Amino acid sequence: MGADARPLGVRAGGGGRGAARPGTSSRALPPPLPPLSFLLLLLAAPGARAAGYETCPMVHPDMLNVHLVAHTHDDVGWLKTVDQYFYGIHNDVQHAGVQYILDSVISSLLVEPTRRFIYVEIAFFSRWWHQQTNATQEVVRDLVRQGRLEFANGGWVMNDEAATHYGAIIDQMTLGLRFLEDTFGKDGRPRVAWHIDPFGHSREQASLFAQMGFDGLFFGRLDYQDKRVREENLGLEQVWRASASLKPPAADLFTSVLPNIYNPPEKLCWDTLCADKPFVEDRRSPEYNAEELVNYFLQLATAQGQHFRTNHTIMTMGSDFQYENANMWFRNLDRLIQLVNAQQQANGSRVNVLYSTPACYLWELNKANLTWSVKQDDFFPYADGPHQFWSGYFSSRPALKRYERLSYNFLQVCNQLEALAGPAANVGPYGSGDSAPLNQAMAVLQHHDAVSGTSKQHVADDYARQLAAGWDPCEVLLSNALARLSGSKEDFTYCRNLNVSVCPLSQTAKNFQVTIYNPLGRKIDWMVRLPVSKHGFVVRDPNGTVVPSDVVILPSSDGQELLFPASVPALGFSIYSVSQVPGQRPHAHKPQPRSQRPWSRVLAIQNEHIRARFDPDTGLLVEMENLDQNLLLPVRQAFYWYNASVGNNLSTQVSGAYIFRPNQEKPLMVSHWAQTRLVKTPLVQEVHQNFSAWCSQVVRLYRGQRHLELEWTVGPIPVGDGWGKEIISRFDTVLETKGLFYTDSNGREILERRRDYRPTWKLNQTETVAGNYYPVNSRIYIRDGNMQLTVLTDRSQGGSSLRDGSMELMVHRRLLKDDGRGVGEALLEDGLGRWVRGRHLVLLDKVRTAATGHRLQAEKEVLTPQVVLAPGGGAPYHLKVAPRKQFSGLRRELPPSVHLLTLARWDQKTLLLRLEHQFAVGEDSGNLSSPVTLDLTDLFSAFTITYLQETTLVANQLRASASRLKWTPNTGPTPLPSPSRLDPATITLQPMEIRTFLASVQWEEHG
């Protein structure tokens, strides 16, 4: 079905080929579950074995085996909210009810023992499971044991791969796979990753899947040029070498591209949402079509098989929210299998068709013992036509993208304090604290229509609602934990609106205390900014010593903020006290308009490490200097906008939530000059730039800071002229970059990008802007032989280098047309999402030392300190223990190359611990890219580790007993992985290695 003729609620290229518009066809109710006695009798039949490859069906080694995969693709929010999809509400928007799909599938599987089905989205399945009776649950467990109901992927959602951070990916996969492990044991453990709908595929995602223990990956969306080449060269299946640092085969993943995205073949969609004809076998009927369908299928299977290297091929039989009447699907598949296989006897057909699963198909490929080609880059950007690059969603809904990243930060703080404080965090003086709601909400946000920004507006609003609801019980947990660890029960306040300078307590109280929690494994020095009233203030550190402070008037406001530097220990907190000075009005530092006097035309800000100079005529940044490394780089930064395409003579494709398609290659400047104001205090220097009524920026240097901070504010983007606009921040330099630039992959490893180039095929570039855009999750940089300019982001954005020495990041977009990919509404964001604030951190370094700066600063950007306020004067938590104003959960800091990725409660007496080497091989010219050894025995101060078990990345298998299928790449044999030592709690981390542990602990009595 083409992009301009698809049923409502079907993404172009996605589900529902041949589907009728929902709501227009009559549909039978799914059959009820058979009586329990019948089910138990059926399941007691001989031949039921433990789930695993041994439960796979028999194949014919001398025939073409067509593996039919019955499946449903259930978006965890898209056109409807998660709840609306589960319960089947608002079927006028899209006919979809997940609870009925699962009811119907289970019922139909029990009718015929050869039938198989896979399910993916655990966010839905877990909800359905908890609504079932014990008897039904046992029936399902038996189906899983027999391999007839099989889970693929197993994450809470099928996450996006462009706008997601690797930590959040790991968390959501852990949540879903833990449910399966707790519910079904090893029988329910998925063996393949199933990412059939994400709009492009990242290398880091493949690396994580390999480290999670998956044997292979199946996906559906592949660039149309890439797919054509792979079909011709039999390259749809290969080994993906997904890490440049981890030794093969640690991050090697067998990868298979599905032949029809994830849809059934043309004419073979037998769902109530489809309009294809069912099998009619009665030759007397004028509708008789059985012979025609069988012949069509044989031709189809033979043609498809020619694109693959073995005598096995796979067909997906299902699509978006299908199988609500599973009997309709399975009855026709039964007939297809019977009639096609009958041709083997009737006329010597060499095609064998069978119910199968992706895992069973993969098993047959593995047994073929072939040598496979190797891929080492990624699958971005994705295009499904010459002018249809799916690179717009890298930047869509920037406010939601930032809220998701903030929530990841807060969830890690919540998890850590729950681990450090022990059971007291969950039940304490502030009520019942719980990290689970935010963990689940964050998992939902990783869905490929959530953080991607590709849902309807009301669904995006619901995603934000889920996050907000998850923050509440985490705040209770933080209060309980901080009270226990500090020894003082305070009236804690959480100011969620500090980004817009709103915090009622700090703006009204004469005295208050500020608790700053540091989630990193090293001490940090951090500048605190709090909105305050028009008074003078004195700030004291945990020892009672007065620390420097400033009051700064806010731009475009009569409000003001208090600034003071805080030092916070590793994995711990410091409590500072703030007091008004009676009778003293503040000496507030107001922004000063730039002088027009000829002898004062230098506009610059500077600290000990960085100097930034601005053009006094235009107000634009024009030069950056690293004083420590004696580097000076002319760099011009300004805001531009692309005029969004509404279609032209080359293509009717418009820019939308998914698609980025500008009208012209050259963007327009928001303004050629900025009205500027200068702020200089002992703690901070700022240049406030006002480009227009809807675009402004503060360029900032704090004392001691080694990067330049650009805090931009964009919106509401004006569209009254009838043009959608896509706003970028662009940096132009004199660096000779030779068409190269570099972006991160999900916040971890770095990939080299070359303009107008793809490593695995000769690109025919049809969109010189959109076709060169890539996801930027945490950083983008350009460099020559000496200097490197890096920009760190505070959320996922799209970015590129469209000419040598230049790089750009898209910060916001507002569009007037729907791009024809199923959402059915333009990306207008008429609510608060129109006004967005964010930060870019700019680093200038020598190439050989740049990694130290951007790695350590990016870590700080993802896990920033959590600020909690209180009036002070709280009651003691322990009557016999004095309160403390400083605490560290570590007895010694982690080395700079080691990141504490996860510290979270697993059960009542067990913690989940992940430690990560955050540098790549050869990335640092010093020793930060070297292996590092840690002793975990007495590392933590709040608890003692009594027993330690190492697991796979998602903690669903012991590492020592986990195994994966072995493949032979054409690069030569890979060495057997050497076992990682744990002796008894001393571990070594190799570059880019993550090691995961379940630690039995005993908490200290008073923390």
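Including glycine, each Cβ sits where the backbone N, Cα and C put it.
Per Swiss-Prot, the Zn(2+) site holds His73, Asp75, His448; the candidate it also names there, chosen from Asp197, Asp215, Asp223, Asp226, is Asp197.
Residue ranges 1-30, 571-600, 961-990 are listed, and Swiss-Prot annotates 1-30 among them as region 'Disordered'. A disulfide bond in Swiss-Prot ties Cys56 to one cysteine from Cys274, Cys360, Cys414, and that cysteine is Cys360.
In Swiss-Prot, the cysteine linked to Cys474 by a disulfide bond, out of Cys414, Cys495, Cys503, is Cys414. Note on the recorded positions Asp75, Asp197: the fewest other CB atoms within 10 A surround the CB of Asp197.
In the three-state DSSP scheme, Asn690 (N-linked glycosylation site) falls into the strand class. Of the recorded residues, His73 (Zn(2+) binding site) and Asn927 (N-linked glycosylation site) place their C-alpha atoms 47 Å from one another. For the pair formed by Asn134 (N-linked glycosylation site) and Asp75 (Zn(2+) binding site), distance between Cα atoms is given as 27 Å, rounded to the nearest Å.
If you compare Cα positions, Asp75 (Zn(2+) binding site) sits closest to Asn643 out of the recorded positions Cys503, Asn643, Asn690.
Secondary structure at Cys360 (disulfide bond), taken from DSSP and collapsed to helix, strand or coil, is helix. Annotation for Asn347 (N-linked glycosylation site): no spatial neighbours, criterion Cβ-Cβ under 8 Å with sequence separation of six or more.
Note on proximity: of the recorded positions Cys56, Cys274, Asn369, the one nearest Cys414 (disulfide bond) is Cys56, by Cα distance. In space, His448 is the closest of the recorded positions Cys56, Cys274, Asn311, His448, Asn543 to Asn643 (N-linked glycosylation site), judged by Cα positions. In the three-state DSSP scheme, Asn134 (N-linked glycosylation site) falls into the helix class. In this structure, Cys269 (disulfide bond) belongs to neither helix nor strand by DSSP; it is coil.
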